[in-house]
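**Student:** My questions will all concern the structure given below.
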């Protein structure tokens, strides 16, 4: 049985994602913030943490990236991809909607809907979509933009549902564990994630990306976050196709390790969308294995 911490309270999209990772007997534990969910794993209070990492409309989730870059390292072992549309909840006693609360990422994804349908309402940021529902229930605000599942947990009425400015919006979530972990087996449709602190000099990022390009590795995400301690320095969060068990990926990670003053491995796991890696000619795993075997034979004096 595992305890899975998640960015709560109950009724968030992250809770929905966490449920996709559950096995029989597992327990969900709500955390007030993303850093607290991850720290629960670091302290041994939870076996894993489910956190949002990126949204197709608003991009990366800064709180997740920043929390994974520092502190005791955690490793991702699985990902989930959820379609994102919202419900607008209110109390029975509310007449005119004057205030609407939600998490900033949620508000950004329904901005146009709010302008068209509640043009006079003041928009207020909350810690999470479910926290907004709690605040509406307590009378602090008139309405909340929430995950559809929130209505099952809070005694509020649905003012609108299937709300989204972008119909095919999705959010990706990671399941993080504390090492040592058993890495998932490669599937052929995998993603590897790292964070690299590169030297502050001309061409550093180009050098990192070249290490991937020369090995035929396709980049799926690149984000930069400030180092916090050193002004003008950044950490690069890089996702790419493939699994660390593959020779070409392992070779690339070794090269990145040589070039960067710090590289943190954030996991290799099956892609939730099932998209297989695009492998260029001469970049297949067998190509790397054959080349390594040839060099070994040359070193032994057996091959010219």
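The backbone N, Cα and C atoms fix where each Cβ goes, glycine too.
Checked Swiss-Prot, it gives:
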DOMAIN    3-178  domain 'Prephenate dehydratase'
DOMAIN    193-271  domain 'ACT'
SITE      171  site 'Essential for activity'
**Student:** Could you list the residues of the same chain, at least six apart in sequence, whose Cβ is under 8 A from the Cβ of residue 171 (site 'Essential for activity')?
**Tutor:** 13, 17, 52, 54, 55, 56, 81, 82, 84
**Student:** So what's the mean pLDDT when you look at the domain 'ACT' (193-271)?
**Tutor:** 91
**Student:** So, three-state DSSP: helix, strand or coil for residue 171 (site 'Essential for activity')?
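**Tutor:** In three-state terms, residue 171 (site 'Essential for activity') counts as strand.
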